[in-house]
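Chemist: Sharing a structure below in structure tokens format, with a few things to ask.
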Amino acid sequence: MKKIQKNFLYTDLAEEYSNDLNQKRMVGFSYLFFCSINLIVIVIFVIRQTSPIVLFCFLALLLGLLGLRLNFKGKLFWAQIMLPIIAMLELSILSLFYFGTGSALHWFLIDFIIYALAVFRSDQRVLKYGTALCTVSVFWVCEFMGAEKGLYLSAQDQKVALFLVFLCSSFAVAVIVSMVVNRLRTVNEHLRILTEKDELTGLSNRRKVLADADDIFADSIVQQDSCVFAIIDLDHFKRINDTYGHDAGDLVLVKVSETMAAVVRDQDEIGRYGEEEFIVIMRKVTLKQAEAVMERIRTAVENMFVETEQGIVIPVTISIGLSTMEPGVSRFEEVLAQASKALYVAKRNGRNRIAIESSFQD
Ligand SMILES: Nc1nc2c(ncn2[C@@H]2O[C@H](COP(=O)(O)OP(=O)(O)OP(=O)(O)O)[C@@H](O)[C@H]2O)c(=O)[nH]1
């Protein structure tokens, strides 16, 4: 079952964002739906020993399986257009000549209008609206030109068929709509993550880390906990860029980010504040505990090994400014400004060190 889901409905590829993927998934589902309906009709008419219907539906089933295979093999375009053509032909012939309009079989065509609008991309406008228009026309032809009564279904059978058509049709529409909605949700989530990430380092970007700072600061006030802010700045980074080149500078930023992210605790937030500056926000810690975490980060970066493609090893150190919430402080920006002052002190005192700006140190 998992394999069918994986191969035909592509359910394991939620993390992929290519637009075609969702179309492929919807086309796959539509073919499975089409083949299943044909299979059910074949079984019913094999039991009733009505060979023309069995042969006709068997042919449609084979074409359906061919379309499913095309879709699976990546020939999405052919798979996309083949299905409404087969469906229009089969449904109109069955409805007009065999089952009668009373069976409501042609109402299945409504699904293919939704199919056309959902599976063709906006740049396939002609196909999208052309297919929808053809499907509507075929529907009206069946509705107005077909006889109420058909060859192979009694009035009682037609009532049962009508019920089944509306049941299956609603199911198919619900699945297609839920696929579109899920797709929008996945893409939205993906875009949200992109807007919160720093492209180079993969850490939270300035916007996200400041939003985290705001949230954590507010939570800490409400829960009467302490939180500590740290601003981390690479030492003489301009010199690194000037000496080894901008690419080497980027490599240093990436390596330092990885090292710091590996050392901070799970409950802490880290992000790139700008250029070669980072922020760490530590929840429920005293200044002393936070200082110990920062010392681990400082030594980890100092002992880190950054080697350029040319085999040159770049020595890297960082300076850190720390500050915590204090009575009377009502905005996180004030804590951040204090941490920034501390960073300035750390730089002035010789770099590669931690400085703390706080009126009460425990
Ligand atoms: N490679 C690279 N360089 C960057 C990036 N963003 C900013 N920079 C550079 O980082 C350097 C920052 O230099 P400064 O602000 O003078 O600081 P510094 O050289 O680290 O000196 P101190 O902070 O005083 O130790 C500038 O040369 C920027 O061009 C980036 O994304 N990649």
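Positions of Cβ are set from backbone N, Cα and C atoms, glycine also.
Not measured: the values here are computed from a predicted model.
Taken from TrEMBL, the feature domain 'GGDEF' applies to 225-359. Summarising the annotation, TrEMBL assigns transmembrane segment to 28-47, 53-70, 77-98, 104-120, 127-147, 159-181.
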Chemist: Test of understanding: applying the rule of at least three C-beta pairs under 8 Å (pairs 6 or more apart in sequence), is the transmembrane segment (77-98) touching the transmembrane segment (159-181)?
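Modeler: Stretch pair does not touch.
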Chemist: Grab the same-chain neighbours of the transmembrane segment (104-120) for me: Cβ-Cβ under 8 Å, and only residues 6 or more beyond its ends, written as numbers and ranges.
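Modeler: For the transmembrane segment (104-120), the sequence-distant neighbours (Cβ-Cβ under 8 Å, at least 6 residues beyond its ends) are 23, 26-27, 30, 33, 37, 80, 83-84, 87-88, 91-92, 94-95, 127-129, 131-132, 135-136, 138-139, 142-143, 146, 158, 161-162, 165-166, 168-169, 172-173, 176-177, 179-180.
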Chemist: So what pLDDT does the domain 'GGDEF' (225-359) average out to?
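Modeler: 93, rounded to a whole number.
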